Amino acid sequence: MAVVNGNYIPGRLDGRVAVVTGSGRGIGAAIAVHLGRLGANIVVNYANSALDAQKVVDQIKGAGSEAIAIKADIRDVSQIMRLFDEAVAHFGHVDIAVSNSGVVSFGHLKDVTEEEFDRVFSLNTRGQFFVAREAYRHLSEGGRIIMTSSNTSKDFSVPRHSLYSGSKGAVDSFVRIFSKDCGDKKITVNGVAPGGTVTDMFHDVSHHYIPDGEKYTAEQRQQMAAFASPLHRNGFPEDIANVVGFLASKEGEWINGKVINLDGGAA
């Protein structure tokens, strides 16, 4: 919320600080940039590419907000703790935490290894749990925690997608219970559950979502995916970012403990 020249401007986040995990590219980058455009100062978290993260920082600064990039592997709890400590050390406080880091996985039940199970759940589930824990410990009163689920967690069943879907189903439960645990600090906890969203990862895995998907080009698969929604268009990172921006705002306060499907009605 913001007051400019004595006038209240709905939806603005001026004076707020947001930590967005996994925001060097894709949906996370779109969220970080959008929150920056709404006036928040942003901590861009990344695990691998400092160059990609710096591009996001530059976009946010170009929009008039401050931003820094902090490298931290969300699979490592000590690095999550350091991420939030450094965010507070730099900006003085944190008001919004968007838990976006994740990996995708496909495999028939008979073929899934222990190593693959641990790879997926260590980030999608365990990582998000401890991001939320550190967010609660560091967030100012009245803050926002926004987690990332998927429409495959319950409404959209995809063969050979059990690890990913299950890892996100746990997040749905986290959101519901965390909203109770965080009430003493007036922190709301919600989740977004994207459907197929056009990013580089989408093009890498879209053949898994479409029967005989290997027969089609990436462009053809994207066109086919658009018809999963009655709106007959694809979802894009900005579609997710717009909802996250609302949940982070004062106007989103009465939404709490909810996971919002963002799939254009595909499910």
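Each Cβ is built from the backbone N, Cα and C atoms, and glycine gets one as well.
These features come from Swiss-Prot:
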- Ser149: active site, proton donor (ACT_SITE)
- Ser150: active site, proton donor (ACT_SITE)
- Tyr164: active site, proton acceptor (ACT_SITE)
- Lys168: active site, lowers pKa of active site Tyr (ACT_SITE)
- Ile27, Asp73, Asn100, Arg133, Tyr164, Lys168, Thr199: NADP(+) binding site (BINDING)
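Checking Cα-Cα distances from Ser150 (active site, proton donor) against the recorded positions (Arg133, Tyr164, Lys168) with a 10 Å cut-off leaves Tyr164, Lys168, in sequence order. Within 10 Å of Ser149 (active site, proton donor), counting C-alpha to C-alpha distances, fall the following of the binding-site residues Ile27, Asp73, Asn100, Arg133, Thr199: Asn100. Cα to Cα, Arg133 (NADP(+) binding site) and the residue listed as 'active site, lowers pKa of active site Tyr' are separated by 17 Å. In this record, NADP(+) is bound by Ile27, Asp73, Asn100, Arg133, Tyr164, Lys168, Thr199; the longest C-alpha to C-alpha distance in that set is 28 Å. In the three-state DSSP reading, Ser150 (active site, proton donor) counts as coil. Other C-beta atoms found within 10 angstroms of the C-beta of Thr199 (NADP(+) binding site) number 19, with every protein chain shown included. Mapped onto three states, the DSSP output places Asp73 (NADP(+) binding site) in coil. For Lys168 (active site, lowers pKa of active site Tyr), the nearest of the binding-site residues Ile27, Asp73, Asn100, Thr199 in terms of C-alpha separation is Asn100.
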